[in-house]
Each structure stands twice: as structure tokens, then as C-alpha cells.
Amino acid sequence: MAKHVCLQSVLSVRSVRLWNALSGFQSRSDRLQFQLLQRRQISRQAQLFTGSQNDSSLNTKILVHFINQDGVKNSVTVSEGETLLDVVINKNLDISGFGACEGTLACSTCHLVFEENIYNRLDPVVDEEVDMLDLAYGVSNTSRLGCQVTVESWMDGMTVCVPQEVKDQRELSKRTK
Amino acid sequence: MNRTVQKSLFFIVKSVRTSPSNFAGKLYAWRGLSTTPDPHTKVCIVGGGPAGFYTAQHIIKGRPDVQVDVYERLPVPFGLVRFGVAPDHPEVKNVINTFTQTAQHERCRFLGNVNVGKDVSVDELRQVYHAVVLSYGAEGNRSLGVPGEHLSGVYSAKDFVGWYNGLPYNRELQPDLSHDTAVILGQGNVAVDVARILLAPLDMLKKTDITQAALDALANSQVRRVLIVGRRGPMQVACTIKELREMVNLPGTQPDMLTDDFHGVNEALKDLPRPRKRLTELMLKALKEQAVKGAHRKWGFRFLRSPLDVLPSADGTRAAAIRLALNKLEGSGDEARAVPTGEVEEVPCGVIISSIGYKSLPIDSAVPFDPRKAIIPNTMGRVQETTGLYCSGWVKRGPTGVIATTMNDSFDTGRVLLQDLDSGAIDLSEARLGAQGIAPLLEKRGVRPVSFSDWEKISGEEVRRGEAQGKPREKMLDVQEMLSVAWS
Ligand SMILES: Cc1cc2nc3c(=O)[nH]c(=O)nc-3n(C[C@H](O)[C@H](O)[C@H](O)COP(=O)(O)OP(=O)(O)OC[C@H]3O[C@@H](n4cnc5c(N)ncnc54)[C@H](O)[C@@H]3O)c2cc1C
Ligand SMILES: NC(=O)c1ccc[n+]([C@@H]2O[C@H](COP(=O)([O-])OP(=O)(O)OC[C@H]3O[C@@H](n4cnc5c(N)ncnc54)[C@H](OP(=O)(O)O)[C@@H]3O)[C@@H](O)[C@H]2O)c1
């Protein structure tokens, strides 16, 4: 299982945006390169899991844990000033359909659930954001849109969750009707 | 980083993720396939709207051995994102970027200008594809079923929206806007879109991709008052808060509502769930503030009123008024029902737009269809009693839901289809021809598909024409013209 977890974190560098723009993997040398890359990625991820605070090269970076809709955890180091939507895109986190409107407050697909102590310290929410959250499913008392939350140093170590998938479509269409 | 490596890494990891126990077997199978330039598994999608593209995205991402072909009736892709979403909502259309990436994926092919059910049958598709997904949306509309609805001056919102958004079928609509009052029947987001377009300042619309013909017609419009009529009460209104807020903030307009319609609403407010509560509070605020504004253009909801009949003008040629039955509510909340009180009201109006919902139509006699619900009967996207046939989007669950809803439901269908490929429920032992098997049929029938790069030529030309007028694009309204640009 441990191996799977590592591979899953490698997955985090695959791009939701890039996956479809890339061409085929065919040659043997490509495969070799892949194995190398895989090892490098795994060690990078391993570094991450052992805690970034002690690593001087990551001092200006902030650690954020994402739990996606399948319950899979991805941990990434992030620069201050990026929105959480930027992070998901830039780090190629595997969250299907995240940020459909590209951060223009026209959908609720970048909905994230925060830990209460973090949520309480976030910048106040504007009406337009709540308008969109009102349409999201799985909304909780600590929900925000990822495109509206900018990463700051005090958030280091926080965990944000993508709401678990709603299995019942009738529930869904009722809510968004 | 080498792109090909990135991608292969993705697929390997992906197959681990979906079924860890199966990793070696999958990897082996996949390696075997990597030497074949032509992906083995052939999936076909009917309809190039959000449902079609999101389903394609999920399937392509889920398995490395699948070729997905998207057939679209029009030469241009994106369905209601191009022909439904209001021109002043460009941010909603950002989803087109994702669809474009999907269409440009090496294992995805777009075949526009192919009308499934007419140019090629669903059975013919099923013979050459391992699986077929129906994602053809809802191209019809519910009708009021009241006397006079066919008089001139009465339009369906579907046609009206198609007209201002450049849908070729609605090019000739030319609505007569030389009247003071327009009545919209239905209070969903489509109704609010239509109201906003009718009243929006021209300067705002000029910078959008609304068609020039619609812009000219709106410049000469005499419509000063738009009433959005619903059969139930304020707490059942179907539109969402973002769209209502846009109306409230629309420059040069003011709300025009009836205090009587809000009887008992204040008292009920505290027990409403948050979304409904905020929506209702915004309406109450608009009602309260309407007296102090002095704008020339007015819009307002009218509640508890059902259309009875459209009354003709004295010469009988066109609509002059609508007769409404006054209702009261039975029950409460979302499930409340409207029942007539027996009272009747006449509202003079020269423009009537019926916006009570879209409706899916059967595509082909070989495909099951539930005429009552107007959907393809399905279990989680599997079409009932038909192996290898699936559906997603509006044709799967009915014509409600925003793009995000359609996205989730398309991912669900994609997931189910992938499961059936993995489990062997879909027989993959036989090779299928895919698009190669359809090409000769189309050729014989004189149908030439439009590829995605053909569409990009059309798009490029539209953008060029738009630039001259400071618009993001000027849409082509004529299918023949689209085709000649595509193949130029
Ligand atoms: C007026 C309007 C405005 C909207 N605005 C918004 C908005 O602002 N934000 C939002 O989130 N949602 C909005 N929606 C909702 C959104 O458009 C839908 O959720 C979504 O488009 C449904 O996707 P679909 O693919 O099922 O259908 P469609 O978008 O209708 O796509 C179906 C496609 O199938 C094609 N097709 C039909 N018949 C055939 C055939 N026989 N052969 C081949 N192809 C065929 C059609 O040409 C079309 O391209 C709006 C809807 C409407 C009606
Ligand atoms: N900006 C956006 O996000 C946007 C824009 C446009 C559309 N959309 C989405 O697209 C979907 C379709 O929108 P829509 O407006 O067509 O549908 P809708 O939201 O289902 O609204 C339909 C309206 O018609 C009324 N109605 C239905 N049958 C009627 C009848 N026989 N007599 C009188 N009234 C009747 C309904 O009233 P009852 O409630 O009483 O049934 C309701 O007010 C919606 O999910 C919408 O959210 C979104």
C-alpha cells in the first residue's frame, strides 16, 4: 500500500490541464526516463512528507495538504500569494473538474472545506462568493471557494478537503435547479 | 521535462489509482498496446456540448487505450455554451478552454456537421464502436398549451436565446420589439437571462459576442418594462441568486414588484435554508428600494399567476395581452403547489416569451425514450436494456442544472463506462473500425464532417470579424458559410 501512496503523490504532478495536450509514450528511452523521473518524484514527495519546516531550502514555502474527492491526500509546498485554485492548477493536483470557470466567480467547482481554526482567520467572504457557494454541493460551515483564498504563511500545514462526491444525482439536480 | 514522459507517467499512475490490485495486468496490457498506433477501444459520443466533452475527458483520462470520437450536428462545437449561455457572461464560457484541450487530445476526434439519427443511425454507430454515449442535450421546449400561444408576438425563450446567440436555426426569428411591455412566463435563470438582455444598456452588450442583428434590434427596441411571471410564490422562484443580483444591479433599471405578492414572506424567512433565505432577502430588498429609484426601464416578478390564454389584437393578427389565473399555494417549501383561486387578470403586452423549460427529443427509433419525463431511461447513465449504450447531460437527467451539474453527471457516466470496460461487460475481444467504419457511409450520403481544426478556422474568422467592432467575435449565422470557411 505504501507504494501506492507514493505513486498517488507522483500523480499530483500530472496536469489536469496538460494530460490532454501531450503526445504518446512509445519508445524504450522514454520508459527509462520515466523510471528516473518516477524515482526523483518519489524522493521529492518523501522529502515533503518528512516535514518541510526543517528544510532550509523550503523556508519561504508553505505546506498545504489537499484531500481530493476520492479521499486521496496530496501535500504540496506553495508560495505565499497564490490562490488555492492556482495551486491546484500549477501543481497539477488530480481533482477532476476543479476551477471550471477559471477563477471568475461563475461556478462553484473549486469549493474547498477548511479546518475551523483556519476558516475563522480567512479574509471575509463577499456576497458574490456566497452566491456561488449557495449552489455548491456538500457545503459546510467552513466552505470557501479556492479561487478566493490566497495562501499566507500562517496557513502552513493546513489541510483542505474537496467535498466527497455526491452519488445521488437527483440530490444534485435539485440543489442546482 | 519531457512531455511524452509526463503523459505516460500519468497513465501508469492512473491505472494504479483506479485498481491497485490490478496494476501489473493493466500495465502489461497497456505496454502491449503502446506499439499499436491505433487505440483499440472505440467510443463514440453523440453531441459536442458540455456533457459530450466532459464525458470524453473522463474516458480519455481513465484509460490509455481508448479513442473517443465526438459527433456534433452543427459545424461548430460547445452546444449551449455557445448558443445558450448569455453573451454578457463570458466568464462562464471559460470552460471552452478545457473542451478545446480535450478535442485536441491525440485520442479524441471531433466530427462536426454530422446529424446523428439522420446522416447516420445510432445502430450504425453501435456496429462500429464498442460503446456509444448519447449526450445530445435538449433541443425542444415545453409548450404552454394555452389558446393563442401561436399568435405572432409570442416566442419561446429557446428561440429567443438562440436568436441573440446566433443559432443558425433561429436566424430568421426577428422578434418584434416595438411594444412597451414584455411578459416572460417562467422564473428560471433562462427567464432572467432574457429579461436582462431585453433591458441591458446597449453599451454593455456591444462588447459581447451577441450577434450584430440582435444588437441592432435591441437598439431599436421599445420594450421598457419586463414582467417575469411565475405560477408559484417568491419562495419557489426557480432562478438563482447570482442572476437575481445582476438584475438588481442592472444600470438604468429599477424593480417593479407588487407588495401583495410577498404576503407572509417576512415571517417565513427565518426557517428557510440559507440559499433560499438569501435569495428571498435580496428580492425583499429590491421591493423595498424600488420606490426610491427613478429609472426608465423596469423589471419585476409577478407571482402566483398561471397563463390562461393569449389575447389577440383587435385585427386578430398578433398578441396584445395575456390572461392570467391568480393562484394560491397549497403546501409549502419547494414542493408547494399552485391552485387557481378563480380570479383572473389581464396584462396588456406586445411581447410574450415562454420560458418554462427545454425538452429533450427522441433521436432515433432504436433508442429507448421516456416520453413523459422526456429523457432517455437510464440507470446511472447506462441506457436501460441496451448494453454498450450510455447517456449523459440534459438528455440523461432532464433540462435542469448548471454546467457544473452537467460536468458531475458526465463524469459519473464516464466512470460507469470505464467500469464496464474494465469488468468485461463491454466485449472488447473484437476490433472495431470506429470512425473509419462511418466515413464511407457519410461519403455515400454526401455528408462531409468538420474537424476540430476546421472549426478553428471558423473561430478564427469569427474573431477577426469581431475585432473590427470591438467584440470578442462576430458569430457566423449560416451553416453554408461556416462550411465554406471551414474548408477554404
Ligand atoms: C439559455 C441557457 C443559458 C444557460 N446559462 C448557463 C450559465 O450561465 N451557467 C451555467 O453553468 N449553465 C448555464 N446553462 C446550463 C448549461 O448550458 C447546461 O447545463 C449544459 O449546456 C447541458 O449540456 P448538454 O451537453 O447536456 O447539452 P447541450 O449543451 O445542449 O449540448 C448538446 C449538443 O448536442 C448536439 N446535438 C443535438 N442533436 C444532435 C444530433 N442528432 N446529432 C449530433 N449532435 C447533436 C447539439 O447541437 C449540442 O451541441 C444555460 C442553459 C440555457 C438553456
Ligand atoms: N446563469 C446561469 O447559471 C444559468 C442561466 C440559464 C440557465 N441556467 C440553468 O439551466 C437550467 C434550465 O433553466 P430554465 O430557466 O429553462 O428552467 P427552470 O430553472 O427549470 O425554470 C423553469 C420555470 O418555468 C416554470 N414552469 C414550468 N412549467 C410551467 C408551466 N406549465 N406553467 C407555468 N410555469 C411553468 C417553473 O415554475 P415551477 O417552479 O413552478 O415549476 C420555473 O419557474 C436551470 O437549471 C438553470 O439554472 C443557468
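Placement of Cβ uses the backbone N, Cα and C atoms for every residue, glycine included.
Per TrEMBL, the features are:
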type: BINDING; residues: B:ALA51, B:GLU72, B:LEU80, B:VAL116, B:TRP394, B:GLY401, B:VAL402, B:ILE403; note: FAD binding site
type: BINDING; residues: B:GLN187, B:GLY188, B:ASN189, B:VAL190, B:ARG231, B:ARG232, B:GLU243, B:GLY401; note: NADP(+) binding site
type: DOMAIN; residues: B:42-198; note: domain 'FAD/NAD(P)-binding'
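A map of TrEMBL features onto the structure.
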{"residue": "B:VAL116", "record": "FAD binding site", "Cβ contacts under 8 Å, 6 or more apart": "B:VAL46, B:TYR71, B:ARG73, B:VAL122, B:LEU125, B:TYR136, B:ILE363, B:ASP364"}
{"residue": "B:GLY188", "record": "NADP(+) binding site", "Cβ contacts under 8 Å, 6 or more apart": "B:ALA238, B:CYS239, B:SER355, B:GLY357"}
{"residue": "B:ASN189", "record": "NADP(+) binding site", "Cβ contacts under 8 Å, 6 or more apart": "B:ALA238, B:CYS239, B:THR240, B:GLU243"}
{"residue": "B:VAL190", "record": "NADP(+) binding site", "Cβ contacts under 8 Å, 6 or more apart": "B:GLY84, B:ALA157, B:VAL161, B:SER355, B:TYR358"}
{"residue": "B:ARG231", "record": "NADP(+) binding site", "Cβ contacts under 8 Å, 6 or more apart": "B:LEU304, B:ARG305, B:SER306, B:ASN327, B:ALA338"}
{"residue": "B:ARG232", "record": "NADP(+) binding site", "Cβ contacts under 8 Å, 6 or more apart": "B:PHE303, B:LEU304, B:ASN327, B:LEU329, B:ALA336, B:ARG337, B:ALA338"}
{"residue": "B:TRP394", "record": "FAD binding site", "Cβ contacts under 8 Å, 6 or more apart": "B:ALA51, B:GLY137, B:ALA138, B:TYR358, B:SER360, B:THR400, B:GLY401, B:THR406"}
{"residue": "B:VAL402", "record": "FAD binding site", "Cβ contacts under 8 Å, 6 or more apart": "none"}
{"residue": "B:ILE403", "record": "FAD binding site", "Cβ contacts under 8 Å, 6 or more apart": "B:PRO50, B:VAL81, B:VAL92, B:VAL95"}
For this session: Let me know the DSSP-derived helix, strand or coil state of B:ALA51 (FAD binding site), please.
Result: helix
Problem set entry | Entry from the binding-site residues list B:ALA51, B:LEU80 having the most other CB atoms no farther than 10 A | B:ALA51
Problem set entry | Between B:GLN187 (NADP(+) binding site) and B:LEU80 (FAD binding site), the C-alpha gap once rounded to whole angstrom | 19
Seminar exercise, completed: Listed in sequence order, the binding-site residues from B:VAL190, B:GLY401, B:ILE403 whose CB sits under 8 Å of a chain A CB are B:GLY401, B:ILE403
Problem set entry | Listed in sequence order, residues with CB under 8 A of B:GLU72 (FAD binding site) and six or more positions away | B:GLY47, B:GLY48, B:GLY52, B:PHE110, B:LEU111, B:GLY112, B:ASN113, B:VAL114
Seminar exercise, completed: Near ligand 2 by the Cβ criterion (under 6 Å), the binding-site residues from B:ALA51, B:LEU80, B:GLN187, B:ARG231, B:ILE403 are B:GLN187, B:ARG231
Exercise. If you check the binding-site residues B:ALA51, B:VAL116, B:GLN187, B:GLY188, B:ARG231, B:ILE403 one by one, which have a CB less than 6 Å away from any atom of ligand 1?
Worked result: B:ALA51, B:VAL116, B:ILE403
Exercise. Over the domain 'FAD/NAD(P)-binding' (B:42-198), what is the model's average pLDDT?
Worked result: 97
Seminar exercise, completed: B:ASN189 (NADP(+) binding site) falls, by three-state DSSP, under helix
Problem set entry | All-chain count of other Cβ atoms within 10 Å of B:GLY401 (FAD binding site) | 21
